[in-house]
Amino acid sequence: MTVPSSVPSNRSNNLAASLFFALIAGMDGLSTSIAFSALIFTGSLAAGFGMGVGLILLSSLVLVLAMALFSSHPASIGQVRKPSVAILAAAIAGITSTMSDAPVETKILTAFAVLAVSGLVTGILFWIFGAFRFGRLIRFLPYSVIAGFLAGSGALMVEGAVMMVLGEGGFAGLIQPQGLPVAGNLIVSFLFAAILQVSLDRLSHPATGPIVMLLGGLLFYGLLASLGVPVEQARLLHWLPAMPTAQGLNLPSPLETLSGADWLAVAQTLPAIASVVLLSMIGLLLNTSGLEVATRREIDADREMRTAGLANIAVGLLGGPPGFSSLSMTMLANRMGARTRLVGLATAAVLVVMLPFASQLAGIMPIFIAAGLMMTLGFELLHDWLWKARRKLSVSEWLTVLAIPLGMVAFGFLGGMGLGLALSVVTFVYNYASLSVIRAETSNRERRSSVDRPIVENQLLDREGDRVQLLELQEFLFFGTAEHVMDRIRRRLRDQARPKLGHVIIDFRRVSGMDAAAAVTFLKTRNLVAGSGAVLVLCGLSTEIENTLRRNGVDLDDDPAVWLMDNLDQALARCEQSLLEALPREEAWQDVEDCLARTIGPNERLHDLVAVMQRIDFAAGDRIIRAGESGDDLFLLWKGRAKIQARLPNGRTLHLRTVMPGVVLGEIALYREGPRTADVVAELPSTAYRLARADLLQLEQSDPQLAVLVHLLCATALSERLTIVNRVIQALHE
């Protein structure tokens, strides 16, 4: 019986929390609308201040209503975002300064056109990215650039607030005879910003900001009354903004904006608008991720982008600036217990009530309060994204963050943006170039092909394999990283303590791509290698990389100093064969006994061992060993060539090894007494010597000395394979 009674209680509590939050959000929306409008419509644009307040407040209303109705998080609160306003204000100030001969009305309509275009473009791209799930692409933007742009937005807000107080005279007005009152206004604005910031830091109540601003306004009007200063004189002293002449709701007409704006000037702000879109996307995704963590519930980021997109399209059609959900306001509503869509609807209702009086309310807010609020918001961005970021970022990344706001203040928004992007690119190139694209560097001594060779040849490769340098590359190659490869080869060529290089193998199997500059570097590498008398062996090239090398002058067809191989195994095999061809004639074995002597050492019983083995000739294609059969014998391949292959479940055949004369086959199955695991097929007409298990067992009884030679042969073959594998493992882990 207690459940029904609790439902009205919960509903009433949520209603009360929603209404209380709505009052706070409404006051916050009005104050920020006034501050944002004052930031944009200052100096020669001051006549548009009242319309700007109404337009920004209306934009906030549309955003709040859209989030309340369609957001995947029911208590999401939409707002016009301060970084966007700061960037747009700087861009508008830049273009209007070049329109000195244009009428004031044209300048104001041009400013509204910039706001409208930014809202429309942001909305359209939001919706497209949300509809096609492109939002994840934004996450590839470097964190230092994001932090720098946000810190730069804060710097622009502080700069704009200062210029709002200084008026059209700017800093030059401070040194004029009448500059003392202007300096006083600036000092008071900074003092109020400091008081507001301290209050917000010390008091966590959500009404702290509105109460401080209300008390500041009451104190201001109290001082005016005590000093006997009329309100109109206060306006002349630039203590109050100019009161709009129109009464009630005064908004710019979209048709007038369309026909009266200077669209060539608007086009000059497109880079700034692009930055607003980019920062808005990043901000929305960051806010969505933060809200998911804070509320412990999944939020559909693509739905949020589509919702914000439609809302911004509506805002843009009205002529307003872009916005999206506010993490801080949404979390404030959540902490106050307002967790349903009612909170957004209540906030929208409060904004509707305030909207008809927006211009008049804007006219009574002291300039130092609007400027102080903008300074506080700007310093907050600088603190969060510049000062606090120094603990998260490396020195080079933090210097990039620092350079962006400094560049924006010194060279304007576009200059700061360009400086930040340039520094981020330079930092990225430097950091990426410092990463080694050489996954492994070995020689033919450690890395062998899949060709099984007799011990006498393996001993030669052990001795001469260091004449082959192997570089396995990875990642994307450009001029910086390709130079590292060339430097590594150059150092090896100059190393007098090691054998002279005969071959340089470069494996591109794990390389994702390369630019033209890297291809030119490999052309220079070819010249370096060929000049030393060595051969450059390229393997594992994708079609794209091969075409890039060809386009940039690397001859992969007829150049004797460049070998092109399909894969690393083929490259290793060809280099091994080249080394073995240099084997002196007197070191080559001529018969089976000589081969066995070089494998297990000289022994007077080797002739007897050969005598007990059966000689078998195989035609090309014959199976020497068949997979699945019992491993009852071992083979010594004497002539020809064989391949070891396995049949896969899908019916395809997998090539495992190539077997050269002098190699023992089948010894593992002989000891395991299990079935064969792979086929051994003669690739050429071949001859092998076979010893059956039954013959070995008989030797163990009748001639143990000869049986020991068989076991020694098997153990030597196994140990040789294990030694080669261990070298590869050791080389890859160094």
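The backbone N, Cα and C atoms fix where each Cβ goes, and this holds for glycine too.
In TrEMBL, annotation is done automatically, which means it is predicted and not curated.
Sequence annotations record features per position, and here TrEMBL assigns domain 'STAS' to 468-575. Across the domain 'STAS' (468-575), DSSP classifies residues as 49 helix, 31 strand, 28 coil.
Per TrEMBL, domain 'Cyclic nucleotide-binding' is recorded for 604-699.
Within the same chain, residues 25, 29-30, 32-34, 36-38, 40-41, 77-80, 85, 104, 108, 111-112, 115, 119, 241-244, 246, 249-252, 303-304, 307-308, 310-312, 314-315, 318-321, 323-325, 341, 343-345, 347-348, 351-352, 354-355, 358-359, 361-363 sit at least 6 positions outside the transmembrane segment (47-71) and bring their C-beta atoms closer than 8 Å to a C-beta of that stretch. Residues or ranges marked as transmembrane segment in TrEMBL: 47-71 (among others).
What TrEMBL records for 108-129 (among others) is transmembrane segment.
Residues or ranges marked as transmembrane segment in TrEMBL: 141-167 (among others). Sequence-distant contacts of the transmembrane segment (141-167) (same chain, six or more residues past either end, CB-CB distance under 8 Å): 38-39, 42-43, 82-87, 89-90, 93, 173-174, 182, 185-186, 189, 193, 238, 275, 278-279, 282, 367-368, 370-372, 374-375, 377-382, 384-386, 389, 393, 397-398, 400-409, 413, 416-417, 420-421, 424, 427-428.
Taken from TrEMBL, the feature transmembrane segment covers 179-200 (among others).
Per TrEMBL, the feature transmembrane segment maps to 212-231 (among others). Outside the transmembrane segment (212-231), and at least 6 residues removed from its termini, the chain residues within Cβ reach (under 8 Å) are 31, 192, 195-196, 199-200, 237, 239-240, 364-366, 368-369, 372-373.
Counting residues 6+ beyond its ends, the transmembrane segment (263-286) has Cβ neighbours under 8 Å at 81, 83-84, 87-88, 90-92, 94-96, 98-99, 110, 113-114, 117-118, 121-122, 125-126, 129, 135, 138-139, 141, 146, 149-150, 153, 301, 304-305, 308, 322-325, 327, 413-414, 417 in the same chain. If you look up TrEMBL, you'll see 263-286 (among others) marked as transmembrane segment.
What TrEMBL lists as transmembrane segment is 338-358 (among others).
Per TrEMBL, transmembrane segment is recorded for 364-383 (among others). Long-range neighbours of the transmembrane segment (364-383) within the same chain, counting only residues 6 or more positions beyond its ends whose Cβ lies under 8 Å from a Cβ of the stretch, are 31-32, 34-36, 38-39, 82-83, 86, 150-151, 153-158, 160-162, 164-165, 185, 188-193, 195-197, 200, 213, 216-217, 220, 238-241, 405.
Residues or ranges marked as transmembrane segment by TrEMBL: 395-414 (among others).
Helix, strand and coil residue tallies for the domain 'Cyclic nucleotide-binding' (604-699), in that order: 20 helix, 43 strand, 33 coil [DSSP].
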